[in-house]
Amino acid sequence: MGTVNVVRVVSLHKLSWYEKFYFYSIGKGLWITLKHFIKAAILRRTVTIEYPEKKRKYSTRFRGMHTMKRDEQGRERCTSCFCCMWICPADAIYIEAGEVVPEIQHLHPEDKYAKKFEIDLLRCIFCGMCEEACPKGAIYLDGPGEMATDSREDLILTKERMMQIVGGPIIGERQ
């Protein structure tokens, strides 16, 4: 005996008269368009924000540009533990550690510090895993959300650009 070919018979769905002419679908689409038109033109509830003049209010959970925090004495919190670099799924963080010498001991609480700390915003997916992984609370995604620029070099954040200013507010937790 040989192999038997199995044929599956498919019956076509009979379209009704309104399905054939797509009147129902066209009417449904026009109704949605009419609702948006009434909201925008008659009720004056626009969805668009006039950007340069009006700024959008972001929620407290918004993940903006990366910032690095200082402790209460104004020292850098980052101790080059590499937790943020290892957990980053986009591999956007690069850290070079350095030993703390006595001349800069007042700037760093531990025995090593981040000599070079860079975040490539072109690779970053703003997932917030670096913020969660940091045991010292040094990195936060609470900076501005406006990151438009003309050059690619401006989208590579260095430690100096991310570091919180000395004397600024000390924020230890996301508010």
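For all residues, glycine too, the Cβ spot is worked out from N, Cα and C.
Around Cys134 ([4Fe-4S] cluster 1 binding site), the same-chain residues six or more apart in sequence whose CB sits under 8 Å from its CB are Cys78, Cys81, Cys83, Cys84, listed in sequence order. Taken from Swiss-Prot, the feature [4Fe-4S] cluster 1 binding site applies to Cys78, Cys81, Cys84, Cys134, supported by sequence analysis.
The [4Fe-4S] cluster 2 binding site annotation in Swiss-Prot covers Cys88, Cys124, Cys127, Cys130, and the record cites sequence analysis as its basis. For Cys88 ([4Fe-4S] cluster 2 binding site), the same-chain residues that are 6 or more apart in sequence and have a Cβ closer than 8 Å to its Cβ are Cys124, Met129, Cys130. DSSP assigns Cys88 ([4Fe-4S] cluster 2 binding site) to coil, not to a helix or a strand.
Residues or ranges marked as domain '4Fe-4S ferredoxin-type 1' in Swiss-Prot (evidence: sequence analysis): 69-98. Non-local neighbours of the domain '4Fe-4S ferredoxin-type 1' (69-98) in the same chain are 106-110, 112-121, 123-125, 127, 129-140, 159, 163-164, 166-168, 170-172; each lies 6+ residues outside the stretch with a CB under 8 Å from one of its CB atoms.
What Swiss-Prot lists as domain '4Fe-4S ferredoxin-type 2' is 115-144, and the listing cites sequence analysis. Packing against the domain '4Fe-4S ferredoxin-type 2' (115-144) from elsewhere in the chain are residues 62-69, 76-81, 83-84, 86-98, 152, 155-159, 162, 171-174: each is 6 or more residues past its ends and has a CB under 8 Å from a CB in it.
Residues Cys84, Ile87, Pro89, Ala90, Ala92, Ile93, Ile119, Ile125, Phe126, Gly128, Met129 surround the recorded [4Fe-4S] cluster 2 site, their Cβ atoms falling within 8 Å of the Cβ centroid of Cys88, Cys124, Cys127, Cys130, which are themselves excluded. Around the Cβ of Cys124 ([4Fe-4S] cluster 2 binding site), the number of neighbouring Cβ atoms within 10 Å comes to 21.
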